[in-house]
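To start, the structure itself, in structure tokens.
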């Protein structure tokens, strides 16, 4: 049984449709990320699950029970906000204890439960402090402790890492995932950050303009995007207009500019049903710049380096092959190529994906 | 002149017109009042210059003044309480309104465009013997002769609430508007009903605004003489009326000065207590 089910959900605000008809099943104990740019409807979905918004149409089920008419305070959900939303006039311990007061928890048990939650987020000694005395990262841990101490059926995280500094964000990402795995709570995580989504999720729901674009495991969504939007939103991709010339049992033949005819594994082109217009998707990091000859089975195309965007451990090149500009992200081996250098673009056909044109 | 010295002088240069105005229009007259309070009005009607404690002795020892001072504080306290009870829901409504809050705030300020005296006198047209309410009751046949509704303590409080309510609403609004709505959502998600979330989170966080509004209502209410003059009866005089009476009617500036300083001291002490516990910053927020 799914922990959360969205059944033909539609949400309209006046004339504006924030979420187009969509359905979603979230498995018990899963870490599911709603990923998309701002305004894509991901937060609207989260707020509908939370009970902060009512869907215009459709049903929401939590643990198999319809909750459309259950008010938020009876849904038993843990909610964590981007801006922490800790109660500034209560101490950390009072914040964490807040939800326990509304549950059948004997008051003698409350301090122990609070302390356990604080230990879980690795801040056991701050109970008597006020939130404003803590750093942003610490406040977010307290907000997490406050949400999980009530043993929620579903944990809802609304961009919880977005307000943190870059370094802290990566630490918190690992920390959040560790805590989620430890308590095993079904988690719905909303973010616009693809690396957070890829790193943390069991399943990613990519959304755009109120529609679900693709649902799948991180690797699946990353390697086999089901739309141009997904290909571009998760990492950088080169998309070339071409056509499918033949479709075989395990290979699909795609003819594209620059690279010519490529035999792509059928599982990387699941949406192509037969010959016709098609798009070749080449991930920027799969395009290798080299001045050596290509090994067997690797396509090689001459190009020259137009722009170099140095990033430390990696480098992003904008290269020109014929009249097409392509992006390539390579790890740096020695020195990056200088602008204007003539290079070969190496591409393994099995690293490509294809979409219907 | 060094850059530091010039930068240090700059704020004072910019402030000088305001400081001059405050000094000449507020501080100097206040010193005059202090000096006056030690003069003595003689039987001939002339003021005798000197250092006499007679006015202070009269003001501080006469039970008449004490009773009116206590009554003034009582009326101000009731007014403040009524303003808080009526103003809080209004402020909450405006702060949580989805539409244009500026329009609602503008509507709230609208009465300020009409003179306070005119607004106060409008109650005579409503509650007076030939006012709207009496006419309506007679027309409905509920009464045969008009009822005297004006000129008692209740109408004084009514007039004061009418005058002071916007100050309370504005202050509470500023406080409520600054509260992150996610806090209520968080409380709801943790199991608190909307009412519990309000009591546990919103109300405590809005108390500074309530206190600031309360202070303004109390001080302005306790210092007024127009409302009791227009809407009160002979026995509803407030302390500022005594000052008015002494200075304007009896031309006894020395006694009037001593009385006004007494009121200033009481209200000043209240402001200091407020500042001690809540700070003036909140009050500035509400006024700005």
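Backbone N, Cα and C define each Cβ position, glycine as well.
Residues or ranges marked as transmembrane segment in TrEMBL: B:12-39, B:75-95, B:102-118, B:124-143, B:155-174, B:251-274. Among the features that TrEMBL reports, domain 'ABC transmembrane type-1' is placed at B:69-274.
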Contact yes or no, the transmembrane segment (B:251-274) and the transmembrane segment (B:12-39), 3+ Cβ pairs under 8 Å, gap 6+: yes
Long-range Cβ neighbours of the transmembrane segment (B:12-39) (under 8 Å; 6 or more residues past either end): 47-53, 55-56, 253-254, 256-258, 260-261
Residues of the parent chain within Cβ reach of the transmembrane segment (B:155-174), under 8 Å, 6 or more residues beyond its termini: 75-76, 78-80, 82-84, 86-88, 90-92, 94-95, 105, 108-109, 111-112, 116, 119-120, 123, 127, 149, 206, 209-210, 212-214, 216-217, 220-221, 224, 227-228, 230-232, 236, 238, 282-283, 285-286
